[in-house]
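Comments concern the structure below.
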Amino acid sequence: MHRSLSLRAVVCLSTLLPASLLYAAPDVDIETLKQELLELKQRYEAQQKALAVLEQRVRQVEDQPATPAPKRLAKSPADFKQSGSTVAASSGTGGATGGSSYGQSLKDDSEPAQSVSNLYNEASGFFGNGKFSFETGITYARYDARQLTLNGFLALDSIFLGNINLDRIKADNWTLDLTGRYNLDNRWQFDVNVPVVYRESTYQSGGASGGDPQATSEESVSRDPTIGDVNFGIAYKFLDESATMPDAVVSVRVKAPTGKEPFGIKLVRSTANDNLYVPESLPTGNGVWSITPGLSLVKTFDPAVLFGSVSYTHNLEDSFDDISSDVNQKVGGKVRLGDSFQFGVGVAFALNERMSMSFSVSDLIQRKSKLKPDGGGWQSIVSSDANAGYFNVGMTIAASENLTIVPNLAIGMTDDAPDFTFSLKFPYYF
């Protein structure tokens, strides 16, 4: 009896246990799902906060004005025109917001850097930055020449018998240039230039101390600051640069003989050396009227700017009361200075928005001058022809929107050219 009851109890318990387990399992799964759902909600809230922060940053960026693209430094006028047409097309076809900001960016980019404008001014000689401009410039030129004089003959084609004399001339020239310019409609330019010249020359020669070839003597002559030859010019810009054509300017310059002419200046013999003759004064001008037509071209090949110029100077014939250099002698006559031809080519680069640098070579070729004493015929002046070649290194520095600093170094490459010439100009635009 007891065994049957125990068996029945075991059977009942075995049937009830799986049912209790089945009811307990869903409770555990629900708790797990609730925990996972809570974690997902927390992640969602964190993501929502992150999205809100990102959205706020995007709005701040959109509210800021668009930053224009960097300016091209060596941009030609042809590019300016193309940029202008692109701006018009963008504003006409673009959207209300994106099109206007993009067009404004192109408009800002179409404006040339100030260094490029200064570069064009110096290369073409046409200053179009303002209606009026005034330029102050200082120029220093150094000239040092030696001449070997042989008085004797060669023996056995290799031995020189006689006297050897070495002559030397050292000259320092300072010029203060005052130039005023007027620009009319960025097409015509009128200018006048007034130079103030200071000169000092030192002459050396052997044969001092009674003709001793080993002894040398020297004499110095100076000229106080004096106005030189005033000149004025007219320039016309007849061609604007395009994709295929350069910027072209034609000019005419007239020089008046307002300085001290070199004719009639007497050569005085040195008291210490019979071989040395020095002028009693120094000239500050040519003494004759001259006219110089010229042409200058400028073309952009980004990032470089190529430029070139050519000019021809014709000196007018004139008469003087005295053309002799002998002391106590006065001879009137006519003077015909030799005409000159000058050309130059170079390349320039814009270093940044305020500075540019240029390199160029130039050459001046002058014909011989002639004199005609009263009652005589025309006579050519010995060694009056010249060939002066230069290598030029220049810069433009935009000190402000109105003031530019232009240093330039010219190195003489031929015997007729000064050893070097350094100039510093300060054009100011009103």
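Just so it is clear, glycine is given a Cβ too, placed from its N, Cα and C backbone atoms.
Listed in Swiss-Prot:
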SIGNAL    1-24  signal peptide
SITE      Lys425  site 'Forms salt bridge with Glu-122'
TOPO_DOM  25-131  topological domain 'Periplasmic'
TOPO_DOM  143-172  topological domain 'Extracellular'
TOPO_DOM  184-189  topological domain 'Periplasmic'
TOPO_DOM  199-224  topological domain 'Extracellular'
TOPO_DOM  239-246  topological domain 'Periplasmic'
TOPO_DOM  257-288  topological domain 'Extracellular'
TOPO_DOM  299-304  topological domain 'Periplasmic'
TOPO_DOM  315-339  topological domain 'Extracellular'
TOPO_DOM  349-356  topological domain 'Periplasmic'
TOPO_DOM  366-386  topological domain 'Extracellular'
TOPO_DOM  398-404  topological domain 'Periplasmic'
TOPO_DOM  413-419  topological domain 'Extracellular'
TRANSMEM  132-142  transmembrane segment
TRANSMEM  173-183  transmembrane segment
TRANSMEM  190-198  transmembrane segment
TRANSMEM  225-238  transmembrane segment
TRANSMEM  247-256  transmembrane segment
TRANSMEM  289-298  transmembrane segment
TRANSMEM  305-314  transmembrane segment
TRANSMEM  340-348  transmembrane segment
TRANSMEM  357-365  transmembrane segment
TRANSMEM  387-397  transmembrane segment
TRANSMEM  405-412  transmembrane segment
TRANSMEM  420-428  transmembrane segment
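If you look at the transmembrane segment (387-397), the same-chain residues 6 or more away from its ends with a CB under 8 A from one of its CBs are 115, 118-119, 121-122, 344, 346, 354-366, 404-414, 416-418, 421. Every protein chain shown contributes to the tally, and the Cβ of Lys425 (site 'Forms salt bridge with Glu-122') ends up with 19 other Cβ atoms within 10 Å. Note on the topological domain 'Extracellular' (315-339): mean pLDDT across this stretch is 91. Long-range contacts of the topological domain 'Extracellular' (315-339) within its own chain (CB-CB distance under 8 A, at least 6 residues past either end) are made by residues 257, 261, 263-268, 279, 286-291, 366-374, 376, 378, 384-385. Applying DSSP to the topological domain 'Extracellular' (366-386) sorts its residues as follows: 0 helix, 8 strand, 13 coil. Per DSSP, the topological domain 'Extracellular' (413-419) is made up of 0 helix, 0 strand, 7 coil.
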